[in-house]
């Protein structure tokens, strides 16, 4: 194995977020309120299964232990199960997860698990069916809930649920969410609304700090857990009376970037050092043949020298990210 990916600030990178499409069939208010619109940049197509196999093999050789498949909506790819299996071929990758809107969970989750999937994150921004419809543009609440049940039936011991925290939309519904996870092994992750190039007005209207929830959880006796090295950025809390957990993802908090352990590759093969960074490093020309792996690893390692110490969201600089479907949120 080549040396562990490490940047100029001594951060080690064990976690790859790999977008496999930017297409999504939902129209979430904070991401794609007007629905998916194809970009000219994707005309040459999304990464193939072989390209995905090669890029994940290179990252694994550089110390990556966890791969999360993102989008867009990953399950819209007809070869999604094949993609999971291709990543699973590499024993160095211990965890393969997906972030999904849950649209196809009920139908396909057992097949995904058989192919090697080890973790699931489902986006659910409200437990009220009408509000869910209003946020996502899809009347699929019951279908998504059935999908979460199907994930447990397929053998997943825990399901993570992502909820974008929005003032005057769901921030006052903590008790409803806590009741939902009291007897279910769900890690409910509240994610602070983040400003994107297309979402400034929404951000100004609905952003609320996750610290409000953290203070309330601590007041109620929830206990802060320690992070593992390949975990995502959530601060996780548990409570002896609850089967579920609460996670808080607060990108505007001081020192959020200090524990960064993840890199991103877009659905067209660009390496992004930060969700809110500029540009990206093209890897696709080195994904054509297995013989290019050494050069691919060298390019990834060299690019990491340019990773900044922090994002610049506090300065209203959202970088290249126009919406969160672009490089996988």
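Cβ from N, Cα, C; glycine included.
Annotation note: residue 99 (GTP binding site) sits in a strand segment as assigned by DSSP. Sequence annotations record features per position, and here Swiss-Prot assigns GTP binding site to 17, 68, 99, 160, 262, 263, 264 based on sequence analysis.
In the shown protein chains, 19 other C-beta atoms lie within 10 A of the C-beta of residue 28 ([4Fe-4S] cluster 1 binding site). What Swiss-Prot lists as [4Fe-4S] cluster 1 binding site is 24, 28, 31, and the listing cites sequence analysis.
Feature annotation from Swiss-Prot assigns S-adenosyl-L-methionine binding site to 30, 72, 123, 194; the stated evidence is sequence analysis.
Residues or ranges marked as [4Fe-4S] cluster 2 binding site by Swiss-Prot: 257, 260, 274. Sequence-distant contacts of residue 260 ([4Fe-4S] cluster 2 binding site), defined as residues of its own chain at least six apart whose C-beta falls under 8 angstroms from its C-beta, comprise 11, 13, 233, 274.
The domain 'Radical SAM core' annotation in Swiss-Prot covers 8-234.
Of all the Cβ atoms in the protein chains shown, 19 others lie within 10 Å of the Cβ of residue 160 (GTP binding site). Around the Cβ of residue 123 (S-adenosyl-L-methionine binding site), the number of neighbouring Cβ atoms within 10 Å comes to 22. The distance from the Cα of residue 30 (S-adenosyl-L-methionine binding site) to the Cα of residue 263 (GTP binding site) comes to 23 Å.
Neighbour counts of Cβ atoms within 10 Å were taken for the binding-site residues 194, 263; the minimum is at 194. Comparing Cα positions, residue 28 ([4Fe-4S] cluster 1 binding site) lies closest to 99 out of the binding-site residues 68, 99, 264.
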